[in-house]
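Scroll down for the structure; my scribbles are underneath it.
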Amino acid sequence: MNPVRKKRLIIVLAILVGVGAAVGLALSALQQNINLFYTPTQIANGEAPTDTRIRAGGLVEKGSLQRSADSLNVRFVVTDGAKEVTIAYHGILPDLFREGQGIVALGKLGGDGVLVADEVLAKHDENYMPPEVTKALKDSGQLKHYENGKAAGETSYNQEGK
């Protein structure tokens, strides 16, 4: 092999190694930013990975909110109408967080089935429900009980007085 050809081969190989490393780093960064959504039913059935950051959503079960007296630790139960998952969170909950309302929690699922959340997102207003929560409720057949953000048996007064 002559010196010119050898030099070209080395340059081409160096470029290929550089491009391969860049693609590998980009894929690694993208994979770490992916937060897959799981319903309480999927989590209870063991479909959600442990020790991986996930999103879990549903409705906060009434009477399940437990606040620590001496810290910002909070525990509550989220349901999709079929199954439930307990969520532990350390921090200040959003102002719109209420029992019976839709939320999405981001965190890691522990081996005991409790989602340790580092972020809790509450729905925007009375009429909004996250698309993932709406789909989970529809799949479990519970959506009709929570139409327009109302739990079954609750009355809601909108601007028209209905």
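Each residue, glycine too, has its Cβ placed from N, Cα and C.
According to Swiss-Prot, the heme binding site annotation covers His124, Tyr128. Annotation source Swiss-Prot lists compositional bias 'Basic and acidic residues' at 139-148. Summarising the annotation, Swiss-Prot assigns region 'Disordered' to 139-162. The topological domain 'Cytoplasmic' feature in Swiss-Prot is assigned to 1-8; the stated evidence is sequence analysis. Annotation comment: Swiss-Prot describes 30-162 as topological domain 'Periplasmic'. Annotation comment: Swiss-Prot describes 9-29 as transmembrane segment.
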For the topological domain 'Cytoplasmic' (1-8), mean pLDDT (0 to 100): 88
The topological domain 'Cytoplasmic' (1-8): DSSP-derived helix, strand, coil residue counts: 6 helix, 0 strand, 2 coil
Spatial neighbours of the topological domain 'Cytoplasmic' (1-8) far in sequence, C-beta under 8 Å, 6+ residues away: none
